């Protein structure tokens, strides 16, 4: 949970640029005034004497040798400067990739931990209202950035809304079930149980898109199922309601991913530019979720709770809730930045590795009671996620 959109259609790899800098120096012209034996200064008249010719040849050789040395020096300087320029550019790109990766990992981890803190730490029992507030913040920020010309997005039309509405219903259900499960289950087990989504997605791809996976992928998926089952059995803080919500969340998340692939092509055809970028998807999803979220608040009777809870009168609670809204949008921005600086392969692998410190932080920060068996199951599930990412990379390379 935590990202406002799950997939990005294409990855952008940033090629290493290079600098070209031309450096030219002119060699110094050497001149000599030659005195005749009679002591009179020669001012340009030609004298054909063996001595004069020998001196001229010698001076000419010195001049050419000096120019050659200067040319060699210029070439060496130019090569060194080009090499330095390329080296500086490579270091800059590496720094950008590292910075974007850290920003993506920090925002995605912080989003889940902050939501867990709001729902469990504050004991806030209005997950729909939390989602509604987060999505409202995303709509406001994206609209402001778009009006300032900092980002580009597609205008919302009725044709686009009608095409996107079924996806948005699944999107809202995905966010809400993630909120509900996170309230009852610790962060580490939520992370492991989310691996079941990959299993459902793989089966859906096989039946809907006739896509076949190799043995490594299925082996990784089997390990994910084993780790989820063993983790649930050994979970000392097992909560049936939380696990039920998480199972529903896995099906909704997989449905969102599979449905998005079908709807994206149709949605692009009804846009003015024929494209639908990440910012347009963020605005579209979050804008459409607002009226649906308001309806669900009344359906689940969260209005009475919001009237009576003292949390809404605490400034620190509003600060944390607002932070969660900014983090939700930050995931979309940092994921695009990280993809642009690296590529889909690195992005997928880092996303899998990122679950390890997230699980550890969730156990430590929220003082989750655990056992050796449960910790081993969690670690096994995290490794299965990394193995799955590597298997998908190899499958993509082979295809």
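Keep in mind that glycine also has a Cβ here, set from the backbone N, Cα and C atoms.
Taken straight from TrEMBL:
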- 15-24: compositional bias 'Basic and acidic residues' (COMPBIAS)
- 99-387: domain 'Sugar phosphate transporter' (DOMAIN)
- 1-24: region 'Disordered' (REGION)
- 97-119: transmembrane segment (TRANSMEM)
- 131-151: transmembrane segment (TRANSMEM)
- 163-182: transmembrane segment (TRANSMEM)
- 188-209: transmembrane segment (TRANSMEM)
- 216-234: transmembrane segment (TRANSMEM)
- 240-258: transmembrane segment (TRANSMEM)
- 279-298: transmembrane segment (TRANSMEM)
- 318-339: transmembrane segment (TRANSMEM)
- 346-368: transmembrane segment (TRANSMEM)
- 374-391: transmembrane segment (TRANSMEM)
Top Cβ-contact partner of the transmembrane segment (318-339) among 216-234, 346-368, 374-391 (pairs under 8 Å): 346-368
The domain 'Sugar phosphate transporter' (99-387) [mean pLDDT, rounded to integer]: 90
